[in-house]
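First comes the structure, then the notes that go with it.
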Ligand SMILES: *Cc1c(COP(=O)(O)O)cnc(C)c1O
């Protein structure tokens with residue numbers, strides 16, 4: 001793993017926060033419910049490998065990702081724990097899943113017919129996905145489930161090791177739709193025998209709010225990263241979450257400009273007086289989107305305003321006074337008593353916290369902290385370069 005980067009913009013991932021969040025959930029749901037740590041999308045932008053390792057050490061026993069590629073990447077980085085792919089996998093790639101000992105999700109009989117042709121002798125482990133109201137992936141009724149079960153029970157190529165569903169509204173105050181989905185799930189799983197397999201329906205919101213409704217596993221995503229599944233339930237969380245994600249940069253240029261000076265593309269910002277303007281080496285190609293213009297960042301423990309349009313690789317900030325080049329600037333995270341939370345950035349963008357950490361691109365290196373010291377750095381840019389030469 002590469003331990004260097006040459007630009008002063010980075011994500012800090014506090015692995016102790018991840019440990020806290022996993023342990024708190026484990027304590028909340030009890031020893032008999034397993035934690036499936038959801039590390040899709042590079043661990044919601046935090047770094048899948050380090051988050052996976054941390055979650056497993058903290059009490060998670062299974063990992064989940066969205067796509068087979070993500071699962072293979074984890075295997076290639078040395079993760080041996082069970083991995084479940086939540087999304088659809090091409091039937092023709094079932095042999096790869098077997099080779100890497102990865103569990104796939106099945107949701108149609110046609111997929112099984114097709115997959116069968118690509119399996120030589122070994123067995124593929126499968127979790128059945130039921131669609132109880134999410135309308136995304138899943139078997140939708142008892143008849144289809146029965147024919148799927150009949151097909152697999154007659155074949156040694158398929159082993160059903162789990163069955164699950166996903167809620168559309170577990171993070172909302174109104175529980176009617178959630179309860180309907182839960183009832184439908186009960187009905188469907190009761191129509192088949194499900195002893196000795198994993199049965200799971202809960203995401204973070206369900207785990208936090210309804211620890212008694214989880215069957216024997218919970219799929220823990222957003223709250224493992226220390227973020228609330230929604231603003232609606234943020235005030236009724238059963239334990240405190242610790243945010244793991246911070247986005248940092250540094251002033252790379254500082255100048256005093258006279259009143260009337262224009263800043264950035266379109267010359268849309270004009271200095272209202274003689275002003276100190278700082279330049280930050282982060283832009284929309286890093287996921288710091290153009291619509292974040294005029295938003296606040298932290299410098300010298302204070303909130304200050306971004307000015308002018310955000311460029312692809314840089315943006316400008318209005319400083320309260322002269323500050324030296326190299327001064328740390330926090331775009332997400334804390335400086336002393338000030339904090340810009342992921343939720344605050346989500347609100348500015350009119351989106352959800354999930355999207356904010358995912359949108360910070362792989363151009364930004366991730367630095368992993370334990371006990372306030374750096375234990376690892378991941379920088380796909382330089383890692384790939386090294387491999388190619
Ligand atoms: C992403 C995902 C999760 C995790 O949900 P959170 O709200 O982040 O806890 C759980 N289950 C499925 C099927 C998912 O796709």
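A Cβ is built for glycine as well, from the same backbone N, Cα and C atoms used for every other residue.
Heads up, TrEMBL stuff is auto-annotated, nobody curated it.
Since this is a predicted model, take the numbers as computed values, not measurements.
Taking the Cβ of residue 40 (N6-(pyridoxal phosphate)lysine) as centre and 10 Å as the limit, one finds 19 other Cβ atoms among all the protein chains shown. Residues or ranges marked as N6-(pyridoxal phosphate)lysine by TrEMBL: 40.
Per TrEMBL, the feature active site, proton acceptor maps to 40 (among others).
Annotation note: residue 312 (substrate binding site) sits in a coil segment as assigned by DSSP. Under the heading substrate binding site, TrEMBL lists 136, 312.
If you look up TrEMBL, you'll see 244-369 marked as domain 'Alanine racemase C-terminal'.
Under the heading active site, proton acceptor, TrEMBL lists 265 (among others). Cβ contacts within 10 Å of residue 265 (active site, proton acceptor), excluding its own Cβ and spanning all protein chains shown: 13.
Packing around residue 312 (substrate binding site) is summarised by its Cβ count: 12 other Cβ atoms lie within 10 angstroms of its Cβ, all protein chains included. Looking only at the recorded positions 40, 136, 312, the one with its C-alpha closest to residue 265 (active site, proton acceptor) is 312. Here the CA atom of residue 40 (N6-(pyridoxal phosphate)lysine) lies 17 Å from the CA atom of residue 136 (substrate binding site).
Cα of residue 312 (substrate binding site) to Cα of residue 40 (N6-(pyridoxal phosphate)lysine): a span of 26 Å. Within the domain 'Alanine racemase C-terminal' (244-369), the DSSP-based counts of helix, strand and coil residues read 23 helix, 51 strand, 52 coil.
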